[in-house]
């Protein structure tokens, strides 16, 4: 059978149509392919909006086959636990990634590499304890990072170094107890840093350095007992600072707060009992000051903040006697509005401060004073306690102040000769400073299982009986500074397995209380400055394997034996300044791979021998040798520390005097 012959013109026409159709389809190829991709089975894909939702599907890994053009991915409510390296490498167009409530315990280094367009990453409500240094690499466009409600205990410098575009960082509701120097290095555009609801009590002086754009800092609901002015002043662009719900008892110019652009400062619902007149002298643009819910019965005129217009004082036990006349005159002269209300004397009780004139404030003995009364005769009440006698009373020892709002109980300087009882069972901070009880008996704090911070400074304590802290299973901070302790029995610190911070400075210890420390497996920071220690021997730190900061300044230490520090392999800071060391304790530095800071100032070293710092060569970043009488320095920097440290000859002063060698 003969083949049909197709006319040449018709064949050319058909071929042209086919090529035209092919050319039209080619540009649509990738879009058509993405739209036609199969959506992961447990997910819902909205290809038109480029959204994919895989919520609450009990997924244990990031699903495959997610359309490549996806911009928003919602994975919240799954069981991912671990985010592996490059987990989202096939999704380069992602701008929003939600990983809330995913039981995430670990984020691997490079987990988000490839997400160069991501704007928001939400890792809230997970189980993260730490962030590896390169966990957030590859997120150069990220604007918002949510890490609240995890269990982060530490921040390592450099963890956020790749986030140059970040505007807000939320670290609220974690377990942070300390912020190291340069904790937020690299966040050049960050404007709001949220650190509320942590356990912060200490900030390194340069913790907030490197945040030139920061405008708002939230530090409420932490454990600050003193205003960390030096650290806060590093963030010189701050306009709003929130420090409410902290156990601050005093603020003054000596705290060093200097924030030239600060407009709003919140110190509400703390434990403030006094305020220095120049506390905010270096905050000239301060416009609003919130002091509500403290324990202020008097307030001086404030010097310095010339732009102050609103002073919140509600909930303070203000005494409107003649001592308050300067305050009232200053409020009128400076045109500052206030919502303070008088608690006494009786004739002015519940009167608004703004409604009074200086002539309304009388002293006992004034002719106008028709109702003389002793201010001290009235028991001091909590600023948050109900004023009416018929209201339900909060249980509290008679001489103390118990604040249910902040869960703080304060008995400072009440002349107590024994630890009182009867505090609210939910008390988290107990302040017993400046009383006098030479001995703390067994089970001295019954019913205080929620206690986090215990203050026993300046109490003349010479003995802690066995089991004195029994029942304080949640205690994190124990302050025993400025007492008469010369030793601690093996069972003196039993019952506080989570204790992280122990302050024993300015006591009479002749040796490290190693037996007692064995009961503290979670101890992070040990303060033994200004005692009478003469040596540090093997076994002294055998029980404190989690120790990171050891402060032994101002003792009489002549020897640190090889192996004395060996149990504390996580040690990052070692302060041995102002002792009697005649040589660098090279042998003791063996086995400390994490040591970053070594303070040896004020020791009669005289000479540094070759290789003296070799054991710490890979980790040491800061070495202090000032006031050491150095006369001879070997060429130790290169073999001992590589390129990490400078040679003392590069430091100011003769023979290294005044030298601080660091990165």
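Using the three backbone atoms N, Cα and C, a Cβ is placed for every residue, glycine included.
Database features, via TrEMBL:
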SIGNAL    1-36  signal peptide
DOMAIN    38-72  domain 'LRRNT'
COMPBIAS  355-365  compositional bias 'Basic and acidic residues'
REGION    355-390  region 'Disordered'
DOMAIN    395-429  domain 'LRRNT'
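Taking the domain 'LRRNT' (38-72) as a whole, pLDDT averages 93 in the prediction.
Here the domain 'LRRNT' (38-72) has long-range neighbours at 31, 78-81, 83-84, 87-88, 90-98, meaning same-chain residues at least 6 beyond its ends whose C-beta is under 8 angstroms from one of its own. Across the range of the domain 'LRRNT' (395-429), the DSSP-based residue counts are 0 helix, 7 strand, 28 coil.
In terms of DSSP helix, strand and coil, the domain 'LRRNT' (38-72) has 0 helix, 7 strand, 28 coil.
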